[in-house]
Amino acid sequence: MSSHTKSYYKTNYYAQTILIIGALAMLVPFIWMILTSFKTVTETTQIPFKYFPAHINMKSFPNAWQALPFTHLYMNTIIAAFFRTVGPLIFSSMAAYAFAKIVFPGKNFLFFLILSVMLVPNPVFYTPQYFILNKMHLINTVPALFITGLVSPFATFLLRQFFLGLPKELEEAAILDGCNHYQTLRLVLLPLVTPALAAVAIIHTLWTWNEFTWPFIVNSSPDKLTLATGLRSLVGQFQTDYPTLMAGAIMAIIPMLIVFIIFQKRFIEGVAFTGLK
């Protein structure tokens, strides 16, 4: 075996070791959450701290279900995730196609403005967005959860990069066949950027499912809360029932875990294509 091959395998071994250690480190909070959900309240506060429960306590899960309106929480979160995923897929794909394939005055300047929005932290937009929704009488409503996320500068930027990588001859052939811009986008180009669309869908679904700040700002009604904001009500001012809180968190994670298992291959392809671009 040559020295170059030995060096390659050695580097690969160290890289895989680091990745395994990193993966295990990321699993620690999840494992701790599962173990805590099976403990009693006393076990979570006793000193010295014990990692494993003395006895399996299953009461935390029915307690969490009774403490929170999970039916409403799931429904509100699913609705918000649906619209905040489908919206960027529709509007950002059209905007990305325009910026990548159509020549019009001020195109580069407008795209620069979109990139500028990506550089501004989201909390900066919360105040003006709140006042606008308040004027529209949408505070404490389900549409307030998703109406500000129907467009996405990130999705526009990502899809534009993919459209730029497609051969111009495809568009020209479609136009010669009598297709307009909409038909060219829908029938020719979109099927070729499926990995990018999958990446956008996955990222925006996860963002919405885990988002806390914006739903917490615009909705305070118990029947309009999402999973993230609903779990917040399990945190007490002076004392918190951590087993019930962790059980609620597990119940909130399960749908995304099922989706990940089903679409694992597509998830990895989407993230990989995002990294390549």
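Our numbering is plain: 1 for the first residue shown, then up by one each step along the chain.
Just so you know, glycine gets a Cβ as well, placed from its N, Cα and C.
Any TrEMBL annotation is an automated prediction that lacks curation.
Model, not experiment: these values are computed from the prediction.
Listed in TrEMBL for this protein:
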DOMAIN    74-263  domain 'ABC transmembrane type-1'
TRANSMEM  12-35  transmembrane segment
TRANSMEM  73-97  transmembrane segment
TRANSMEM  109-126  transmembrane segment
TRANSMEM  138-159  transmembrane segment
TRANSMEM  187-207  transmembrane segment
TRANSMEM  242-263  transmembrane segment
Segment-segment contact (the transmembrane segment (138-159); the transmembrane segment (73-97)) at 3 or more Cβ pairs under 8 Å: yes
Listed stretch, out of 12-35, 109-126, 187-207, that has the most CB pairs under 8 angstroms to the transmembrane segment (73-97): 187-207
